[in-house]
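The structure under discussion appears below in the form of structure tokens.
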Amino acid sequence: MPTPAAEHAPGLAPADGIAARARGLTKAYGSGETTVLALDRVDVDIVRGRFTAVMGPSGSGKSTLMHCLAGLDTVSAGQVWLGDTEITGLKDGELTRLRRDRIGFMFQSFNLVPTLNARENITLPLDIAGRRPDEQWLDQVIDTLGLRDRLRHRPAQLSGGQQQRVACARALASRPELIFADEPTGNLDSRSGLEVLGFLREAVDRLDQTVVMVTHDPGAAAHSDLVLFLADGRIVDEMRQPTAESVLERMKRFDVIRAPVDDADRSGRK
Amino acid sequence: MLRATLRSFLAHRGRLLLSALAVVLSVAFVAGSLIFSDTVDRTFDRLFASRSADVTVEPRGDLESSVPSGAVQTLPASLARELARVDGVAAAHADVEVGDITVVDSGNESVGPTTGAPTLARDWHAGERSVVELASGRAPRGDGEAVLDADTADAKGVGIGDTLSVQAQPGSFRVEVVGIAAFTTTNPGAARIFLDPAVAAGRLLGSPDRATSVSLDAAPGVTDAELKRRVTAGLGGGAYEIRTAGEQAETAADELGAFLDVIKYVMLGFAGIAVLVGVFLIVNTFSMLIAQRTRELGLLRALGANRRQVRRSVLTEALLLGLAGSTLGLVAGIGLAVGLIRLMSAFGMRLETAEMVIRWATPVTAYAVGTGVTFVAAFLPARRAAAVSPMAALADAEIAGAGRPLRVRAAAGSVVGALGAAALAGCAAADETSSAASLLGLGVVLTLVATVVAGPLLVRPVIRVLGAGFPALFGAVGLMSRRNALRNPRRTGATAAALMVGLALVTGMSVAGASMSRSFDEQIDRTLGADFVIQNANFKPFPQEVTDRVRDTEGTGLVVRQRFAPVAVRLPDGQRVETTAAGYDDRVDDVARVTYARGGTAAALADGGMAMDAGFAAEHGVRTGSTLPVEFPGGRRTELTVAALTDMAGGDGFGMRGGLFFGIATVEAYVPGGQDSALYVNAAAGTSTAELRDRLESALDAYPQVQVRDQADYKDLVHDQIAVLLYLVYALLGLAIVIAVLGVVNTLALSVVERTREIGLLRAIGLARRQLRRMIRLESVVIAVFGAMLGLGLGLVWGLCTQQVLALEGMTALAVPWSTVAAVVVGSVVVGIVAALLPALRASRMNVLEAIAYE
């Protein structure tokens with residue numbers, strides 16, 4: 001039975017423009033009576049060249065969705081594709097290569113290797129792969145992010161905002177098919193946060209990248225092209241051209257509808 | 001607070017595992033050696049106390065010599081009859097017992113112990129004090145019969161009816177084994193053969209009227225001490241050593257004790273090094289645990305715990321670790337003692353594990369060492385923990401202490417290092433062995449301390465160089481592993497220091513050993529001119545028959561005999577020096593190259609003449625022509641004139657102080673019953689050395705204790721003896737290196753835990769498991785090689801200085817065993833790889849998502 005969220009098919013689009021796709025994506029923790037469904041038969045398409053935000057209350061499964069799409073976590077059921085590659089069922093080595101070569105990551109904190117300087121951090125995925133960076137592209141990324149005079153600095157010598165910019169540059173350096181950003185502004189003051197969001201926006205608009213950002217901050221989500229709303233492991237809504245106010249309004253409604261949906265769902269499954 | 005401490009201890013028990021292992025090893029060796037030596041002491045105290053006669057009378061051992069002359073000191077057998085008449089003597093027995101004989105079976109194989117323990121022959125005197133009783137067969141009756149001890153019979157497959165040849169000083173004789181005697185007490189490891197008392201003295205001492213000691217039994221009511229007093233009064237004391245049973249047991253135990261003490265000290269050496277290296281491991285563990293718990297400690301402080309409580313909490317953890325380690329160590333020590341006792345049994349010394357002695361001092365020492373070491377090692381980290389500010393709970397500081405300046409270490413390290421270097425320079429410049437040796441010891445300790453203290457300062461420069469090629473060779477993985485090794489110089493320094501200690505000692509010892517070998521080689525080349533030297537394997541004298549057979553061998557040209565004599569010389573400066581002198585046949589110049597400062601061989605070996613080392617002579621005011629009073633064993637005295645002064649490197653050493661030698665006739669005259677210790681043999685004209693060798697070897701077939709050696713064999717023999725010594729040292733240091741490897745494993749394992757999030761991040765952005773393992777392995781290798789470099793540097797300096805000390809003893813050659821140096825470097829790479837196995841596996845198995853979320 002398709003979930004209500006899947007029925008109205010959030011973000012579904014023609015296959016050639018799809019950066020990542022999930023069908024029937026289910027992630028369960030535990031077993032038997034104590035099973036908790038973090039993701040419940042999610043269908044989603046991430047469109048290439050778009051800035052997608054994933055929102056939802058705590059425990060809604062938004063981080064799990066990102067981890068499963070990025071090949072960091074295994075799925076309980078369903079299928080996930082990155083471009084044309086089905087990543088469900090891949091072995092650890094293949095997943096590692098996939099993350100290295102085709103995906104960029106930004107985390108909330110502890111994004112950088114403390115022993116490496118900014119430039120070394122930026123090129124790390126390429127260095128691990130043993131690939132030479134595309135210098136022209138790298139220069140463009142570094143200049144876009146304004147890191148030119150910080151390249152020799154170690155992470156400890158950089159501010160939080162600068163560290164996130166380096167992480168952003170690293171995510172862009174290998175020109176991946178998809179960039180996942182997990183609460184990239186969560187640890188930053190509002191000015192630095194805005195800066196980082198501006199760069200992600202620029203990466204999509206000017207550098208033609210595809211970004212998926214998990215956030216719980218409506219202000220951050222407002223920078224995206226499309227917001228997907230998750231609740232109880234399912235995509236319950238989507239919003240194009242969001243503004244901070246509209247997202248906040250939508251979020252407020254979760255507190256109201258959450259409990260009934262939850263109960264109905266549980267009894268229905270029994 | 002105590003509950004928090006206990007919780008924390010239990011929560012970190014996995015991380016404390018390797019520290020606990022270090023404590024266990026240290027304590028096990030301390031406890032094991034104590035239990036072993038106590039057991040041995042008690043066993044032998046009992047043995048000797050129950051087996052000694054009430055009073056024993058022996059010839060006074062006036063001149064003890066480390067080099068045996070082969071002569072047996074005797075007393076007249078009639079003394080027993082004389083003493084039997086002393087009031088209070090119930091019975092007197094003239095004992096005939098000689099050691100250092102050789103007994104061979106019909107296949108010309110020695111039946112003696114292979115461990116170097118002696119073969120003893122004595123008269124069969126069954127009684128309650130005998131250490132043996134007849135197990136099968138009968139007592140020996142008349143010439144040509146003997147009883148053999150059961151342990152030897154078992155070991156060598158000798159049975160009743162077999163024929164043995166006994167090679168005693170007066171001559172060899174054949175005996176048939178008529179009985180097998182079992183030990184009634186612990187067998188200390190010697191082989192024993194018993195003869196009929198009627199023939200023993202004649203066969204073993206060359207005269208039926210001699211004995212080696214008299215055993216007296218006291219009449220009822222007479223104490224041992226009283227009897228000794230009466231016997232002393234009757235004999236006048238001078239020529240005899242008179243001992244009560246208690247004194248005799250003590251003497252016997254002392255003689256055996258010297259050998260057992262060696263084992264005890266070797267064991268304590270193990271323990272000491274285990275403790276020393278273990279301290280590094282524990283310091284590192286606690287430092288790292290505290291660094292990792294900075295936020296937790298800050299929270300405790302923020303919640304109101306004061307500094308003392310925090311410090312006490314860490315020290316309590318150390319105490320718990322020490323107690324747990326000591327308990328396990330004590331148990332392991334008992335196991336070790338059992339193992340040692342079994343091992344000694346395998347070598348022929350029958351100790352009973354059931355009679356193991358654990359005195360109260362053993363557990364006390366074990367716990368004192370175990371908890372003491374842990375406590376001391378945890379003290380500095382505990383102070384650092386107490387210094388954590390409550391703000392640390394909020395800050396996201398990576399590693400406390402990583403960035404603290406090393407100024408204090410730099411200052412302390414350079415001061416101690418300068419003192420150590422000065423001591424070593426002084427040692428190299430010194431011209432007296434004793435002061436040079438003590439300066440060497442001081443220098444070694446100071447430079448070791450300096451290197452440990454300043455080690456962290458060397459981390460950056462040395463590892464930058466060692467890891468210079470890493471980025472080019474291994475890319476980003478190599479770069480990160482090099483940076484990781486540089487990340488916390490204190491930690492890397494301490495980890496490497498543990499490895500350095502063992503390797504520095506190995507290197508120093510092997511330089512000294514190689515230099516000694518080369519010096520002996522050069523000395524052999526310089527001095528030995530004979531085609532062959534015929535000698536006992538352990539340089540003990542051999543029977544006259546060997547000399548006779550060599551002389552009678554076809555193709556033998558010149559034979560020069562060498563005999564040793566214990567002597568005491570009264571020198572013009574008033575000193576009386578006890579030493580060993582050598583006696584030679586006339587044509588010594590044809591078999592050895594002796595260089596003289598004054599005089600020559602002919603004068604030295606002439607009747608009444610003597611040669612002396614020129615340096616020794618100058619020191620004591622002796623000149624050519626000086627006539628000196630010389631004492632020999634048994635109170636024989638003469639005066640000899642110094643007719644020649646030798647000028648040879650190493651002439652004054654090896655228990656041969658003064659380098660005295662004279663004609664063999666002098667030895668024969670004043671040490672009757674002495675035996676030859678070496679024969680220098682040249683082939684006759686027309687006989688090739690190969691031919692002569694074959695003939696000599698077949699002529700000496702029945703004398704398995706002597707070997708025919710040419711220069712090369714002689715060198716091999718010396719090399720082997722040095723090698724045995726080195727292997728012992730290497731085994732000792734092997735333990736230190738094992739603990740150091742545990743230290744590297746420990747540091748890496750804790751680093752992996754500490755860097756969990758970083759590892760998670762690396763894995764998330766695409767670092768493969770294989771690459772992660774390689775990164776940790778490279779870090780491990782670079783730390784191990786760094787430790788090896790420090791150890792090699794220090795060890796080479798120590799070795800050079802040791803050689804300077806040896807040079808004063810005539811060992812002037814310097815040799816650096818480059819193969820050992822290379823082996824140490826290669827070995828350290830292997831150590832690094834092995835140490836990284838588990839931490840790397842653990843890191844690569846981490847769940848990426850959990851690792852990223854790790855706090």
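Residue positions begin at 1 at the first shown residue.
Keep in mind that glycine also has a Cβ here, set from the backbone N, Cα and C atoms.
TrEMBL: automatically predicted annotations, no manual curation.
Model, not experiment: these values are computed from the prediction.
What TrEMBL says about this one:
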- B:17-232: domain 'MacB-like periplasmic core' (DOMAIN)
- B:265-291: transmembrane segment (TRANSMEM)
- B:270-390: domain 'ABC3 transporter permease C-terminal' (DOMAIN)
- B:318-344: transmembrane segment (TRANSMEM)
- B:364-382: transmembrane segment (TRANSMEM)
- B:439-459: transmembrane segment (TRANSMEM)
- B:465-481: transmembrane segment (TRANSMEM)
- B:492-698: domain 'MacB-like periplasmic core' (DOMAIN)
- B:493-516: transmembrane segment (TRANSMEM)
- B:724-753: transmembrane segment (TRANSMEM)
- B:732-848: domain 'ABC3 transporter permease C-terminal' (DOMAIN)
- B:778-800: transmembrane segment (TRANSMEM)
- B:820-841: transmembrane segment (TRANSMEM)
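If you take every residue in the domain 'ABC3 transporter permease C-terminal' (B:270-390) and average the pLDDT, you get 82. Each residue in the domain 'ABC3 transporter permease C-terminal' (B:732-848) gets a DSSP state, and the totals come to 100 helix, 0 strand, 17 coil. Beyond the transmembrane segment (B:724-753), the same-chain residues lying 6 or more positions past its ends with a Cβ under 8 Å from any Cβ of the stretch are 15, 18-19, 21-22, 25, 29, 266, 269-270, 273-274, 276-278, 280-281, 284-285, 288-289, 292, 484, 491-492, 494-495, 498-499, 501-503, 505-506, 509-510, 513, 759, 776, 779-780, 783-784, 787, 831-832, 834-836, 838-840, 842-843.
Sequence-distant contacts of the transmembrane segment (B:820-841), counting only residues of its own chain at least 6 positions beyond either end whose CB sits under 8 Å from a CB of the stretch, comprise 499, 503, 506-507, 510, 514, 737, 740-741, 744-745, 748-749, 751-752, 772-773, 776-777, 779-785, 787-788, 791-792, 796. Comparing B:265-291, B:318-344, B:465-481, B:778-800 for CB pairs under 8 angstroms to the transmembrane segment (B:364-382), the maximum falls on B:318-344.
Among B:265-291, B:465-481, B:778-800, B:265-291 has the largest number of CB pairs under 8 A with the transmembrane segment (B:318-344).
Long-range contacts of the transmembrane segment (B:778-800) within its own chain (CB-CB distance under 8 A, at least 6 residues past either end) are made by residues 424, 428, 440, 443-444, 447-448, 451, 455, 458-459, 462-463, 466-467, 470, 474, 477-478, 481-482, 484-485, 492, 495-512, 515, 740, 744, 747-748, 751, 814, 816, 821, 824-825, 827-829, 831-833, 835-836, 839-840. Across the domain 'ABC3 transporter permease C-terminal' (B:270-390), the DSSP tally of helix, strand and coil residues reads 102 helix, 0 strand, 19 coil.
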